[in-house]
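Asker: Here it is, the structure, as structure tokens.
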């Protein structure tokens, strides 16, 4: 009820409110709120017809909706005490009103009371119910669980090579009755998966692919950290960054930690990862996930990456940075009710300004050689436009490199070279919507701009930037004079 009230007051999105609720079983809470929202028009008519709020003056509307949903549409009332007694006291009246509503609408089941755009498959509903949370996405909730818009996206399973190997995981699933069909030859082949069948992904060697309705949250391999439930698109940034063992790496906006654990697996726990996130609860979630995954050599910091000093000797050996900043999240096909509105032009502008700021800040680390910029956004303003603007700021110091040449979906033709970037989508790659750009330092590029932005360095505002300093030619000339 508190989450519903927060949504109505505009205090945040569904995932963030659920995540920050303090409730220990966030998947159950997310499912309950999502389904209550989905049935909201029906519930409001039931409350009016049964005059429940008039009969119970102290009952808040949000709590009434949750109780009536669980009573009539859910799996039964899970609460106890006076709320359960109150709902049962009015059960006969509510059931009678529901029956009258079905007669008026000439339908036979509850689902048929919903408008078509609100309908969701029973399989998706079951997949979201019960179990422990997985940290597949930006809010720490499961972003790979099947949902109405994601019905065609398979269940992707990343083998955690810090604890096991692909062959052993395949053998384990075979012993559990799954049929292994070998390596997929095409995206189309993945669409044919059904039942207890699975394949190896055609692009990423440590990724297994199961049918979308497969729920592995209670599987021993997941609970022990041997596998990570992570969408394929979310695996691309660490895979394309590709630091060698022993490297020093920054994960700039790290929580909930799936990409961080992927980096640690690529590094084989040899080297150093600096992982930053400003939210204390997200850092706590990340710490739990990384511990379960067997990650060592990772320093977690509850700190805004923009406040990190690139000149700090601690980061003198940082050669790789993974930057996945806050974005509109428009590519996440499992976004819940209340999060489906397209961002306004003003919000996109503010987000893009912040993204340009943080990308330019990341490029200022003196030893940086390779950086991956990624978002789960579909909007050009947050993707190609950000990359183009920052590359123009830095002159010839950095260049775009072609990311994953065999990947079918390329960046939008926003500028010359944008095709070096890659995009992902449910329709074309059977993943969430995603954007990835890989930047490398040119050999003649200078380490940092000659002058920092003139805006308030303590509290930078999105979109506020000044000229990044002397152009590369002047820096090169100065170097020659020193020689």
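Cβ atoms are placed via backbone N, Cα and C, with glycine included.
Annotation source TrEMBL lists active site, nucleophile at 376. Taken from TrEMBL, the feature S-adenosyl-L-methionine binding site covers 253, 254, 255, 256, 257, 258, 259, 277, 304, 324. Summarising the annotation, TrEMBL assigns compositional bias 'Basic and acidic residues' to 455-467. If you look up TrEMBL, you'll see 472-483 marked as compositional bias 'Basic residues'. Taken from TrEMBL, the feature domain 'SAM-dependent MTase RsmB/NOP-type' applies to 145-442. Per TrEMBL, the feature region 'Disordered' maps to 446-483.
Give me the local environment of each listed feature.
Answerer: For residue 376 (active site, nucleophile), the number of other Cβ atoms no farther than 10 Å from its own Cβ, over all displayed protein chains, is 25.
The local packing around residue 253 (S-adenosyl-L-methionine binding site), expressed as other Cβ atoms within 10 Å of its Cβ over all shown chains, amounts to 22.
Per-residue confidence over the domain 'SAM-dependent MTase RsmB/NOP-type' (145-442) averages out at a pLDDT of 92.
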Asker: List nothing but the largest Cα to Cα distance in Å, as a whole number, among the residues 253, 254, 255, 256, 257, 258, 259, 277, 304, 324 that the record says bind S-adenosyl-L-methionine.
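Answerer: Farthest-apart Cα atoms in 253, 254, 255, 256, 257, 258, 259, 277, 304, 324 are separated by 19 Å.
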Asker: Could you measure between residue 257 (S-adenosyl-L-methionine binding site) and residue 376 (active site, nucleophile) for me? Cα positions, answer in whole angstrom.
Answerer: 15
Asker: Among all the protein chains here, how many other CB atoms are within 10 A of the CB of residue 257 (S-adenosyl-L-methionine binding site)?
Answerer: 30
Asker: I want to check the contact list for residue 259 (S-adenosyl-L-methionine binding site): same chain, sequence separation of six or more, C-beta distance under 8 angstroms. What comes out?
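Answerer: Looking at Cβ-Cβ distances below 8 Å from residue 259 (S-adenosyl-L-methionine binding site), excluding near sequence neighbours, one finds 234, 237, 238, 251, 322, 324.
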Asker: Rounded to the nearest angstrom, how far is the Cα of residue 376 (active site, nucleophile) from the Cα of residue 304 (S-adenosyl-L-methionine binding site)?
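Answerer: Residue 304 (S-adenosyl-L-methionine binding site) and residue 376 (active site, nucleophile) have their Cα atoms 20 Å apart.
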